[in-house]
Amino acid sequence: MDKDSNLWDDIVVGAGSAGCIVAARLSENTSRRVLVLEAGPSDVWLMKPFGLSYYLDFSRFEWGYWSQSDSTRNMRTDHWRRGRVVGGSGSINGMNYVRGTRADYDRWAAMGNVGWSADDVMPLFRDMERCEPGYHSPPDYSIRGDSGPLPIREVRHCHPLTNAFLEAAQAAGIPRTRDFNGAQQEGVGYGQFNQRRGMRVSSADAWLKPALQRKNLKLVTDALVHKLLVKEGRVTGVSYECDGVMHEARAGRVILCGGAINTPQLLMLSGIGDGDELQAHGIDVVLHQPGVGRNLMEHPLIRPSWRVKRPSYSPTNNWLRMAGFGAKFLLTGQGPLATITEAMGFLRTSPAEAVPDVHMLFSVAGAVNDDELKFYKSLKVLPYPSFSMVLDKSYPLSRGSIRLASADPKAAPLIEPNLLGDSRDVETLVKAIGLLRRIVSKSPLADMVMEEVEPGPHVTSEAALVEYVKSRAGLAYHASGTCRMGVDEKAVVTPDLKVRGLENLWIADASVMPDLISGNINAACMMIGEKLGRQLRS
């Protein structure tokens, strides 16, 4: 065991979407020494254009987790894609930039989480953003940011199918929104992405890498933290493995930023969790906190898809078209190498819904859930011209859990999704299929459609649609909630993100979310990192 001679003021575990920002903000205080430990490699070899992930194997940059069989979905198992690389899941995701609604954060505050209302967090989003030129409608800069470190671009040069979808949705009575991250989220409109000229800009790019020029900040990659070091109720550091050698690092503060799967796993490996379960694995109980690993939330997702009469962005053997995609990307930063989801929608499945209850992405390359083992495991891209309306329930009621498989830090945890455990989640997705079919029935999109691929034209009865949802529903890769914040004793962290019952330990990642927001969660994770980074810096 190598005990590092130098002590640190702060240790950040996980250089993901939140962790990169926490570390960068803490290092702004040059009197403090900050260590960042990342289990994965550098992102230097990770190709920045999103579209290449459908053609290349990037599995070395993710954890390779698979869930337990899910009894709520005909015993289906899923690949839970989580980034194991500098930048975390923000280095391998689809880059959709969605803040969430004001109501989402006001709901957090109403649960007792003081400091998390929309009025509290929206200025953080604004400070993070730099809206790039080229929006179809100029952003409202009283709401949006124009000078932050994170570039946000809107899709400009769209495929004709995308514009046909937007027109058809309006014909179906769905409003058009000029900015999902502005005053009105409800409706359909063009997608926004954390990109510069089509190239990914993660929180590692925007915050961590510039901060690494400071002498008081150190990043160690390929460093797997085995456990927290705890003495008399105080976290004093971590034990980690790097290049086959065990190390100890000590610090006055430790901040966990490993995400909704790895953060609860590390807590449990360190003796913090349900006491009975820990003892069953031979782990000494440091703190009995049964909330650790519970409340796992995920947006349940389906992929209704249609075959079309004209070329889409679906993979092709036509090398001339492929060359055209490449040229478009190089010249404009647009096209399928930048993104295949050029439009988005926040929709109500019924006028009776108080707020939009489903979120969808319009993908100009059709794909269905499958068991084909590629980087996007469990996802099969259709080999002919097609599109998908990738749909998820915004506020699921089902809850799963993360548990230990063993006391071995290198063993994957048990992921128990229970993705459709509440029948109301199934009902919402079934209603949403009818809404999508109504959109597709409207011109000009209807004129381009050849046939419905999934669920299929014969899947029309309530029972058949329920069976389709249960057999095909998958993940939006928005795992969260497993170390939720709150004011009750079962909440793992307090509203200031400090772990309840221990000193010197904080969490900043998706695990602290008390409830899911609508849409993609990466922007919210970055906001959480920004919030805690500022709090601890001062």
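Cβ coordinates come from backbone N, Cα and C, glycine included.
Caution: TrEMBL annotation is automatic and unverified by curators.
Keep in mind that what you see is a predicted model, and the values were worked out from it rather than measured.
Sequence annotations record features per position, and here TrEMBL assigns domain 'Glucose-methanol-choline oxidoreductase N-terminal' to 83-106 (among others). Long-range neighbours of the domain 'Glucose-methanol-choline oxidoreductase N-terminal' (83-106) within the same chain, counting only residues 6 or more positions beyond its ends whose Cβ lies under 8 Å from a Cβ of the stretch, are 14-17, 19-20, 38-43, 46, 50, 53, 58, 61-63, 116-118, 120-122, 125, 152, 180-181, 185, 191-195, 200, 202-205, 208, 219, 221, 257, 259, 339, 341, 344, 355, 361, 477, 515, 517-527.
DSSP gives Val85 (FAD binding site) a coil state; it is part of no helix or strand. Under the heading FAD binding site, TrEMBL lists Val85, Val225.
Residues 13-14, 16, 39, 63, 65, 80, 82, 88-89, 225-228, 230, 283-290, 292-293, 296, 402-404, 407, 409, 413, 415, 479-483, 492, 499, 502, 507, 509-511 of the same chain lie 6 or more positions beyond the ends of the domain 'Glucose-methanol-choline oxidoreductase N-terminal' (259-273) yet place their CB under 8 Å from a CB of it. Per TrEMBL, domain 'Glucose-methanol-choline oxidoreductase N-terminal' is recorded for 259-273 (among others).
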Check your understanding: Looking at Cβ-Cβ distances, which residues of the chain lie under 8 angstroms from Val85 (FAD binding site) while being 6 or more apart from it?
Key -> Glu38, Gly40, Pro41, Ser42, Asp43, Leu46, Phe61, Glu62, Ser91, Ile92
Exercise for review: Note down the number of other Cβ atoms within 10 Å of the Cβ of Val225 (FAD binding site), including every protein chain shown.
Suggested key: 26
